[in-house]
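Per TrEMBL, the feature compositional bias 'Polar residues' maps to 348-362. Residues or ranges marked as compositional bias 'Basic and acidic residues' by TrEMBL: 375-386. The annotation domain 'RING-type' is assigned in TrEMBL to 28-66. According to TrEMBL, the feature domain 'TRAF-type' maps to 161-205. Positions annotated as region 'Disordered' by TrEMBL: 339-386. Feature annotation from TrEMBL assigns zinc finger to 161-205.
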Amino acid sequence: MSLDSVSENTLDLGNLSYLTEVDDNLCCPICHSPLIDPVHTKCRHTFCSNCITEALETSKTCPVDRKPLKLEDVSAAPIMIANLVNDLVVLCPNSELGCPMTCARHLLGGHLREDCSFVAVKCSGCDGTTLRKNVGSECLHQLVECTFCFASCRKLDMENHEAECPQIIAVCSHCSGEFTRSNIKAHEATCDEAIILCDSSDVGCPWKGARKELSEHTRVCAFTLLRPVLHAHANRLATLELENKALRKKIDILLPPRPPTEVPTPSFDEHTIQLLTEQEHLRSDLERLTASLGEMEIQQGMLLMNESLRMKEEVAGLRAAIGGIRMQIHWLMNTRHQSVEQRPVGGASSSSGPQNSPAQGGNLSGGGALPNIRRMTEPPNDRVKL
């Protein structure tokens, strides 16, 4: 495990894992990774220093716009770009070994050089290497004996050995008994407290319980009694299916499929669907006609109501006009009656001789009737005004 750790000398900035997604503007167009030692060209493109150097060895053109480009046209990128990529937060390259450290990329070298507990360093007791966290007063490469199986291994590898040692005591998950790791699987296969299924579960028995209760359940299990019959039935069905497939193959060989006709006869399902479709069309037409009839009835009712109101208004107007005529006739009759009553009688008019004018006297002597006298309030003619 110590040989797989990354140190400051073996650090590869191109294989780092970044904590957040990196902006595409900070990535090299060639390797598509965050820029390392960024440089830019006269055509204003930015690359990793190693990437553009290797690209120009193959072709003297810019990898982006294919314009002519020489190594002399490449210079260091502005310090701002370098600071942006160096401030990106990365995981420690030994994170898979257990290091939880995250830091800016430019601080990663110092972390591996001084702080990372999973960097391979020289053992203090021999010429071997070990992880920094394991360095102590004693050499971890010396051989020690396992207290369970008495096998010899390096002290550095003792933890891995104990994870696989067959003589370490393990506890049964069913009965909590203690057994060696090499025997625990054999014990679990026969443990009385282990939860198992009925032997007839393949034919539908739902029972599940401890192994020690299986014998009692088997005596009363109906599926156990029917199991031979059910298995025989299943085998018979499988045989019949195989025979059916074989017969179908023979029929296909003897009677090849008929070619399709030009006008296929519609099936019963298609005919039924067509009838149902026509029925739905008729139903929708009937609903539409019913709605139209209802609207026409409403409109007819409104027209009748308006006509009735108009006729009522005309009748009321005629009644008012007739009432006015009656009043005028009544007034005329009263006026004529009053004028008749005001005419003087013959004797009374002659006795007033000296008081009358000569014109009046001449009329009286002639014995003629008095002329009709009109009042100022009477109309000029006898026509009735409506």
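Cβ atoms are placed via backbone N, Cα and C, with glycine included.
Taking the zinc finger (161-205) as a whole, pLDDT averages 86 in the prediction.
Each residue in the domain 'TRAF-type' (161-205) gets a DSSP state, and the totals come to 14 helix, 9 strand, 22 coil. Assigned with DSSP, the residues of the domain 'RING-type' (28-66) fall into helix, strand and coil as follows: 10 helix, 8 strand, 21 coil.
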